[in-house]
């Protein structure tokens with residue numbers, strides 16, 4: 001699925017470039033990374049001082065080293081706009097780090113040494129930031145709190161507008177009806193059988209004719225004794241062939257049928273109103289569950305719970 005993951009707040013792939021603007025332009029990322037860095041520095045400096053005066057728990061050194069790489073990883077993921085790609089791993093590392101920092105707080109907070117108490121304060125800050133990050137990165141992009149937080153970021157897209165949906169028919173499934181354009185003839189091909197009113201190809205004759213006799217007078221039928229030039233019969237045959245092709249294209253057998261299997265399920269992350277000029281599109285509401293048959297293009301063949309089928313833009317859906 002072409003997820004357009006940027007709209008989820010950090011969905012670039014592993015090849016995304018490092019850009020500090022993704023941190024500076026996101027108040028949430030900037031604040032949490034700054035607090036985590038400050039907490040780590042407080043804990044690190046205080047641990048060095050506490051280790052000079054008296055014995056310091058070795059376990060807390062491991063917690064400091066571990067959280068250093070966790071903060072570095074979160075910073076790189078946000079700066080590279082790759083949060084959506086690595087959010088599962090980030091939550092796992094943060095959960096383990098939360099255990100380490102809270103254990104360090106328990107081993108330092110009850111000492112009378114001011115340095116150890118300061119180190120415990122730094123670990124408390126790290127624990128608080130870890131809880132916030134787990135709640136943020138561990139939630140779906142459609143969660144209300146994530147959408148509220150992401151709305152303040154400069155680089156994170158929001159609900160796509162109808163003006164951005166300039167998708168061509170080449171990306172659509174085979175659900176649109178097509179018809180062959182009628183072939184046009186010039187005067188030399190008609191050889192004197194031109195008519196002042198256009199021929200529509202309907203059995204009733206030309207458009208605007210009041211009676212069938214009036215429209216048929218310009219074109220004598222074979223049984224009426226008319227003399228035809230040599231090139232009339234090929235024209236008549238070709239016209240009949242075109243009419244037959246047009247009937248074949250509009251017959252029920254030639255029309256596209258929706259698929260019978262919908263192996264995928266998708267959730268609407270935004271509400272969508274179908275284009276009134278396109279009968280193939282369907283409307284749906286935010287958080288509505290749709291069944292999808294094909295996810296290879298920008299427009300997906302979808303089926304609603306009420307049985308309504310049609311095409312839906314992929315950038316409004318997320319696979320479940």
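Cβ coordinates are placed from backbone N, Cα and C, and glycine is handled just like the others.
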Among 58, 186, residue that the record in Swiss-Prot marks as N-linked glycosylation site: 58
Per Swiss-Prot, residue 59 shares membrane side with residue 312: no
Neighbouring C-beta atoms (10 Å sphere around the C-beta of residue 58 (N-linked glycosylation site)): 8
For the domain 'SH3' (261-320), the number of residues DSSP places in helix, strand and coil: 3 helix, 25 strand, 32 coil
Collapsed DSSP category at residue 58 (N-linked glycosylation site): helix
